[in-house]
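What follows is a set of notes on a single structure, which appears directly below.
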Amino acid sequence: MVKLMLALDVMDKNKALTMVDEISKYIDAIKIGYPLVLSSGLDIVKEIKDKTNKEVICDFKVADIPSTNEKIAKLTLNYADGIICHGFVGRDSVEAIQKIAKQYEIKTHHKKKVIMVTEMSHPGAVEFMQPIADKLAEVAKILNVDGIVAPSTRPERLTKIKKIVGNIPIISPGIGAQGGELNAVLDILGEDDYIIVGRAIYKSENPKESAYKYSMLLKGHNG
Ligand code: 3DU
């Protein structure tokens with residue numbers, strides 16, 4: 001069954017906590033990025049994890065040299081179940097994060113996911129990212145990362161990238177506010193994949209109802 005990951009990009013701690021209280025039963029995972037962490041502090045990751053017991057992925061799009069990536073991963077994976085990084089900086093930078101994830105796994109017996117971006121979903125991604133995205137997908141496969149990010153706004157690219165990465169789970173943003181069509185991507189994604197939905201849920205008039213609707217659409221599609 002394709003899973004639903006909420007992009008919790010609100011910039012207020014109380015709003016974030018109230019929101020997850022209301023809708024966590026309709027979602028499978030929560031993605032926390034800079035908007036929430038920079039406004040509320042990194043502890044919000046632990047708070048949301050403790051409150052919901054859902055999979056929590058930090059979308060920090062880490063893109064630095066290996067030694068700095070290690071530090072970011074250490075701080076993040078202490079609380080989060082996974083971290084999103086960029087691959088265009090080179091495989092050594094991704095491997096540095098994988099090393100930290102492994103260390104946590106050994107220590108805690110708990111899976112820590114390293115998820116790599118291939119092609120982003122916004123229009124500007126066609127400028128520099130798209131031309132190298134297939135190569136990035138190949139590197140993701142070689143590194144055996146735990147997931148890759150690929151765009152729901154371009155179903156034909158999603159199909160191509162999925163073909164390259166094979167059984168590596170896809171985490172796909174772009175549905176809703178960015179114009180991606182759910183039905184088009186549900187024909188491409190499989191049971192280990194996720195769609196990411198942010199504004200179409202948290203900015204809607206009734207976030208609880210929107211999350212419920214998405215969860216029902218996913219269920220309906222999966223039979
Ligand atoms: O467009 P939405 O509001 O549904 O949010 C999409 C989320 O996914 C948001 O957190 C954004 O930072 C993230 N994301 C992309 O939109 C595109 C990418 O390629 C990678 C992450």
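Cβ atoms are placed via backbone N, Cα and C, with glycine included.
Annotation comment: TrEMBL describes 3-214 as domain 'Orotidine 5'-phosphate decarboxylase'.
Under the DSSP three-state reduction, Lys61 (substrate binding site) is assigned to strand. Cβ neighbour count for Lys61 (substrate binding site): 15 (other Cβ atoms within 10 Å of its Cβ, all protein chains included). TrEMBL lists Asp9, Lys31, 59-68, Ser121, 173-183, 198-199 with the feature substrate binding site.
For Asp59 (active site, for OMPdecase activity), other Cβ atoms within 10 Å of its Cβ number 27. Taken from TrEMBL, the feature active site, for OMPdecase activity applies to Asp59 (among others).
According to TrEMBL, the active site, for OMPdecase activity annotation covers Lys61 (among others).
The active site, proton donor annotation in TrEMBL covers Lys61.
As annotated by TrEMBL, active site, for OMPdecase activity applies to Asp64 (among others).
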In sequence order, those recorded positions of Lys61, Asp64, Ile65, Gly180 whose CB lies under 6 Å from ligand 1: none
Other CB atoms within 10 A, centred on Ser121 (substrate binding site): 22
Residue pair Asp64 (active site, for OMPdecase activity), Ser121 (substrate binding site) - Cα distance, angstrom, rounded: 21
